[in-house]
Structures are given as C-alpha cells and as structure tokens.
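> The structure follows.
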Amino acid sequence: MILNSSTEDGIKRIQDDCPKAGRHNYIFVMIPTLYSIIFVVGIFGNSLVVIVIYFYMKLKTVASVFLLNLALADLCFLLTLPLWAVYTAMEYRWPFGNYLCKIASASVSFNLYASVFLLTCLSIDRYLAIVHPMKSRLRRTMLVAKVTCIIIWLLAGLASLPAIIHRNVFFIENTNITVCAFHYESQNSTLPIGLGLTKNILGFLFPFLIILTSYTLIWKALKKAYEIQKNKPRNDDIFKIIMAIVLFFFFSWIPHQIFTFLDVLIQLGIIRDCRIADIVDTAMPITICIAYFNNCLNPLFYGFLGKKFKKYFLQLLKYIPPKAKSHSNLSTKMSTLSYRPSDNVSSSTKKPAPCFEVE
C-alpha cells in the first residue's frame, strides 16, 4: 500500500502505509546469507553443467539442448544475485541506480519464465520420446529444439518487459530510504492484476498441469511395459523419479506463487492490514530463496538422471579433459527409449523393457 507523493531529482518520492512490513533484523542477515549460498552453488553447478553438455556430450540430443539453455538461463539470473544480497543486507536500500534496478528485476522475471517454459518443453519432449518414439522422430530434431529455445527466450524476454518499464528506484519519505520496487500510480490500475495473474497462470499453473500430465502418461506407459517384463523394482524406481520431478517443481514454486498473489491484493488495497503485509513481505524473500535455489539445481537434477551425464560430470571433477573427437554412434538415448536385453534371456526371444534415462 504505497501512495504517490512527488517527484524530485528524477526520483519519485512516495509514502509507505506499512513502513515496518518485512523489515526484520533476522531477514537482513538470513536472506543475504542464503543468496550468497545460492550464488556460489548455482554458479559452480550450472557452469559445470554447461561444460559437460557442450564440451563432453557435444550437444547431440534434443534434451541436452533444453538442459543447456536451462543452465544458461540460471547463470544469467545468478549474475544479478549479489545485487539483491547487498540490497537486503542494507535493509532494503538500493545503492546501484535505476538502470541496474530494472536489469536485475528483469533478470528475476526472465529466469522464472525461461526456466518454467524449458522444463515444460523438456517434459513434453520426454513424453513424445518415450510414449511415441517412432511417430515423433521427425519432429524431435536438433533444429526444432534450437528454434524452440529461441522462442522461449523471446517469450521470457517479453514477459520481463513490465519489470523494465515499471520497476524503478523510489525514495520513501516516511522511512527515508531508497528502494527498487514496483509502484502503481493508482490502486485502481489493472496492471498489478494482469502481472500477478500472468505470473500465477502462465508462470506456474499451465506449466505444472502440462508437466504433471506428461509425466503421468510416461509413468503409465513405462508401468505397462515393466508389468509385461515383470520388472517391479524397475517400475518402482521410475515411479519415484517421476514423483520427485513433479513434486520438486510444485513445492519449489507454490509458496512463491501464493505470496505473489497476496502481494497483488496488498498493492491493490484489497488487503489493508499491516500485519498481513508484514507476513507477506517477510515471507516473500524466503519463498524466492526456495524457488530459485531449486531452480538453479534443476540442470543438475535432470542431468543426473542419465548415466552419461554422471560419467562426464565425474570426469570433469577429476580434471579429465573431453576427447577431441567423439567416435560414438548417433544416439538419441537422452530423449528416446533405450532397450536392454535380459541377462538370462536372449534379446531375440524376449522383448526388452524401456528405460527412463536422461543421457
């Protein structure tokens, strides 16, 4: 609930109806610490993912294209995280100027949409590869994957435009601090409603439903195949992996989406209780830490579903350089069914079972 006051020296001066909301000493210590941890772990992990996929795996599969772009999107966001750490440590005083305020804010929004869209495409690709491997072969090409990623980056950039346009540096007169924040000229504006609903629906609900549907259909197809093979342990493993993927996405983002919706209600003046505003403003940076920390782990999480990725990742940690030239045959194992003959029965007499792997 922020009301416009005046403009001076190019910086708008405003009043905050709840000046103490979210301003707690433990937040100013805990959140910068968590941001620093996310920055170090995220930069290290995602950089290794980029190196493994591009230099070791040679970017030969559709899913590897999505994983590479996922890691790159995370790195773009992580580069701005130190700014937010300093901002929070300085008790929400923005010292970096208006341009960095816009760029850093747009980076957060860009990462949200790019990551969610890429994970959604990855789930669709996995569904097509496992449930319809033959029918989808002509559609699931490297060219299609790269064009899809370009479109995703453009859409994420478009979704980030409101942050560039409406996020600015403001001077709050009744607290005497300069903040980097959204500010709406009128509480009757439909803009916060539109942005909030876009974030809730396009940035979470629709992608989650697609991811849930894709992996449910994958599990049913694999369950049927393993029942024919009477391979119950393998079936249980696949179920656990799929459940982990779906729940990992859901619980990473649902807290942030809920408090984003509540924040919109506060901005519109529908919620006027400063106690509720304090809860929302206190919880928001915590939910951001949960969402974006898990987001930055996604490339590693998905990558480690594949044996080749794990193999090359461990080689990289041991400083074993990639081979100058790959002699492996053209493989689509990362995004198609792989088959393993039974140890006890000849492959000519027993149909092999499909394998859910990311390689």
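Backbone N, Cα and C atoms are what each Cβ position is placed from, and that goes for glycine too.
When I checked Swiss-Prot for this same protein, it listed these features:
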- Gln15, Asp17, Arg167, Phe182, His183, Tyr184, Lys199: angiotensin II binding site (BINDING)
- 335-350: compositional bias 'Polar residues' (COMPBIAS)
- Cys18-Cys274: disulfide bond (DISULFID)
- Cys101-Cys180: disulfide bond (DISULFID)
- Asn4: N-linked glycosylation site (CARBOHYD)
- Asn176: N-linked glycosylation site (CARBOHYD)
- Asn188: N-linked glycosylation site (CARBOHYD)
- Cys355: S-palmitoyl cysteine (LIPID)
- 335-359: region 'Disordered' (REGION)
- 1-25: topological domain 'Extracellular' (TOPO_DOM)
- 56-61: topological domain 'Cytoplasmic' (TOPO_DOM)
- 90-98: topological domain 'Extracellular' (TOPO_DOM)
- 126-141: topological domain 'Cytoplasmic' (TOPO_DOM)
- 166-190: topological domain 'Extracellular' (TOPO_DOM)
- 217-239: topological domain 'Cytoplasmic' (TOPO_DOM)
- 269-278: topological domain 'Extracellular' (TOPO_DOM)
- 305-359: topological domain 'Cytoplasmic' (TOPO_DOM)
- 26-55: transmembrane segment (TRANSMEM)
- 62-89: transmembrane segment (TRANSMEM)
- 99-125: transmembrane segment (TRANSMEM)
- 142-165: transmembrane segment (TRANSMEM)
- 191-216: transmembrane segment (TRANSMEM)
- 240-268: transmembrane segment (TRANSMEM)
- 279-304: transmembrane segment (TRANSMEM)
> As a test: from 26-55, 62-89, 99-125, 142-165, 279-304, pick the stretch that has the greatest number of Cβ pairs under 8 Å with the transmembrane segment (240-268).
279-304
> Suppose you look only at the topological domain 'Extracellular' (90-98); what would the mean pLDDT be?
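A mean pLDDT of 91 is what the model gives the topological domain 'Extracellular' (90-98).
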> Using Cα-Cα distances with a 10 Å cut-off, which of the recorded positions Cys18, Asn176, Cys274 are near Phe182 (angiotensin II binding site)?
none
> So how many of the residues in the topological domain 'Extracellular' (90-98) end up helix, strand or coil by DSSP?
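Secondary-structure breakdown of the topological domain 'Extracellular' (90-98): 2 helix, 0 strand, 7 coil.
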> Do any residues of this chain, six or more beyond the ends of the topological domain 'Extracellular' (90-98), have a C-beta under 8 angstroms from a C-beta of it, and if so which?
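Contacts with the topological domain 'Extracellular' (90-98): 11, 22-23, 28, 83, 104, 168-169, 177-180.
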> Please report the distance from the Cα of Gln15 (angiotensin II binding site) to the Cα of Cys101 (disulfide bond), rounded to the nearest angstrom.
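Answer for this pair: 19 Å between alpha carbons.
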> What's the CA-CA gap between Asp17 (angiotensin II binding site) and Cys274 (disulfide bond) in angstrom, rounded?
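With the alpha carbons as reference points, the distance is 8 Å.
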> In whole Å, note down how far the CA of Cys18 (disulfide bond) lies from the CA of Lys199 (angiotensin II binding site).
25
> Which of 26-55, 99-125, 191-216, 279-304 has the most Cβ pairs closer than 8 Å to the transmembrane segment (142-165)?
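By Cβ pairs under 8 Å, 99-125 leads among 26-55, 99-125, 191-216, 279-304.
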